[in-house]
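Engineer: Sharing a structure below in structure tokens format, with a few things to ask.
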Amino acid sequence: MIAWKRVTNTLRIALKCRINLMVGYSTLKYNMTTVSDKTMGDSNNKRHLHESAPNSKPKKPKLKKYKAKKVDPTAPLGVLEFEIDELLEEHKLNRDLVQNNVSAILNDAPKLNGPMTRSYHRVVNNVRVLRNTSNGEGMALIENPVETGKKQIALIPFGLVGDVVNINVYKTHPYHVETDLLDVLEKSPIRKDELITCKYFGKCSGCQFQFLTYEKQLESKRNTIINAYRYFAPRLIAEKLVQEVGETIGSPLKLGYRTKLTPHFDVPRRKPLISRPPLGFGQKGKQKWRKDNLEIGGTGSILDIEECPIGTPAINMGMSNERQKFETNYQNYKKGATILLRENTTILDRSKGTKDQLLDDGSKNDQNEISFVETEDEEKNTKLAKTCVTNTRQIVREYVDGYTFKFSAGEFFQNNNSILPLVTKYVRENLQIPNSETDAPNYLVDAYCGSGLFSICSSKGVAKVTGVEISADSVSFAEANAKNNGVKNCNFIVGKAEKLFESIDTPNDRTSVILDPPRKGCDELFMKQLSEYYPARIVYISCNVHSQARDVQYFLKDTERGKNYKVESLRGFDFFPQTHHVESVCVISRV
């Protein structure tokens, strides 16, 4: 009751401030009107005094209401709701006890520094981090500053379970608050700050895990997969249809692996550029826990980043080149932009000089020479040159396990080529139909084939591969890639995956299916058609394990023939070391 009175009084003060402001505005408007009328003369003055009287009753200000945006349950904010519920259950709390009065903040006056805003947005000391989200942020319970007896759930970037920290609360949502990490007073046993290799880590929004051993990173990603199936496939867990999640397969490269980066910059509106704007990546709030990098990269919303340790050497060469150009041409931009940095691979002829074999499409240094890095595939005895391309429409090449793939630089392709041979081998092995006769033909359907990565890498050992892709350009690249690699048993179709099985004529009991959908996953219509087609095996590859878990449960429990399938295996692949991201591969077979 006391807390509610405090909220009511604060709102009453805010409303009174707004009313006074409106009265003052009415008075000012009246005075300006009467002066103007006198200047124009009485004959032109058609207004009546009572229409602009300063003592007239002002309109009652309209209160703002908070409207929650619709969120995909499998998106990060949707997953957070499950994580909040688990934290509340662990501490025997309900949602009413952590609900924030967002409407009071929206109607605060003055808007940015009113009494409600000052109460909610404050520094909180000695906060213990209780768990971590799938996004890598810490979660903690703190006291509600306005309503006695209530708590708030705080999200703490770069906080680890067991840390005791000081935080600054700067944004309020209905059931959580966003914070900046100010100080780490007591370190978690798993925090290893000496492992940090990047001077921007702790400010840049790109990486979350540089202070964890690689074993802990892989363990965290396995837990993300376990939790995803608990949240989005509870019936499968309850019926023990998902019995075990395998260990996450690590990346051969922990740093220097990323073959695509997109630094960007902003240009202020209606203001001339006096100096070069920061060029780099977004800053994660206003973190201050790393005292040695407070000024590094600047303090704006975009950090000025000179190099990125998870980018490949060729990508970092390209970043250095483009930053040099930006020093002189930034004034040519009227608005902000993104610069593409995409690695390009050339297979070299050992009898010729490297520079003579590079196409004139790579990022160049200040001597107008293409920057490149030479590497070797010792297993295939192949010499390679890596350059950096910045034109989104430029055709680039990627070398994967002896195959070469061409695609547009701005189009999607997996961004860690060091782990791709491990993934394609795992997929290829799990597509094999067990107990097959030696001469029995096998077939493969790749439902989201892109430029043909999995179709071509899995083409050996099958009689025919059918790939489908909604993008006609991607299908053109897939066809060209199959031809250039000497693969003759691949056929590619332009169309939606939802209508794929209308044109498939291979026998279902001899056919395996690859699913590699976008983050949103597959829709129910597609899963029903997949069930009706009734393939022998399914390998579902996903960059969003939460939508994968939802789809797998729907397929097994809500389609006509789903009951005839089982989850044979489930595990993650670490495409993005030092970050919270994980790719999951689920193998589904007939019972």
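Even glycines carry a Cβ here, placed using N, Cα and C.
TrEMBL entries are annotated by machine, without manual review.
Feature annotation from TrEMBL assigns active site to CYS543. Positions annotated as active site, nucleophile by TrEMBL: CYS543. Feature annotation from TrEMBL assigns S-adenosyl-L-methionine binding site to GLN414, TYR448, GLU469, ASP516. Annotation comment: TrEMBL describes 57-68 as compositional bias 'Basic residues'. Among the features that TrEMBL reports, domain 'TRAM' is placed at 118-177. The feature region 'Disordered' is assigned by TrEMBL to 38-68.
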Engineer: Within 10 Å of the Cβ of ASP516 (S-adenosyl-L-methionine binding site), how many other Cβ atoms can you find? Include all protein chains, please.
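Structural biologist: Excluding its own Cβ, the number within 10 Å is 20.
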Engineer: Listing them in sequence order, which of the binding-site residues TYR448, GLU469, ASP516 have their Cα within 10 Å of that of the residue listed as 'active site'?
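Structural biologist: Taking TYR448, GLU469, ASP516 one by one, the ones whose Cα falls within 10 Å of the residue listed as 'active site' are ASP516.
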Engineer: Cβ within 8 angstroms of the Cβ centroid of GLN414, TYR448, GLU469, ASP516: which residues besides those meet this for the S-adenosyl-L-methionine site?
Structural biologist: PHE412, ASP446, CYS449, GLY450, LEU453, PHE454, PRO517, ILE541
Engineer: Grab the S-adenosyl-L-methionine binding residues from the record (GLN414, TYR448, GLU469, ASP516) and give me their largest CA-CA distance in Å.
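Structural biologist: Pairwise Cα check on GLN414, TYR448, GLU469, ASP516 gives a maximum of 16 Å.
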Engineer: Using Cβ atoms only, which residues of the same chain lie under 8 Å from GLN414 (S-adenosyl-L-methionine binding site) while being at least 6 residues apart in sequence?
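Structural biologist: LEU420, VAL423, LEU453, PHE575 - these are the non-local Cβ neighbours of GLN414 (S-adenosyl-L-methionine binding site), listed in sequence order.
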Engineer: Just to be sure I understand the packing, how many Cβ atoms besides its own are within 10 Å of the Cβ of the residue listed as 'active site'?
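Structural biologist: Excluding its own Cβ, the number within 10 Å is 18.
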Engineer: Any idea which of the binding-site residues TYR448, GLU469 has the thinnest Cβ neighbourhood at 10 Å?
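Structural biologist: Candidates: the binding-site residues TYR448, GLU469. Fewest Cβ atoms within 10 Å: TYR448.
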Engineer: Tell me the residue counts in helix, strand and coil for the domain 'TRAM' (118-177), as DSSP assigns them.
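Structural biologist: Going through the domain 'TRAM' (118-177) residue by residue, I get 3 helix, 30 strand, 27 coil.
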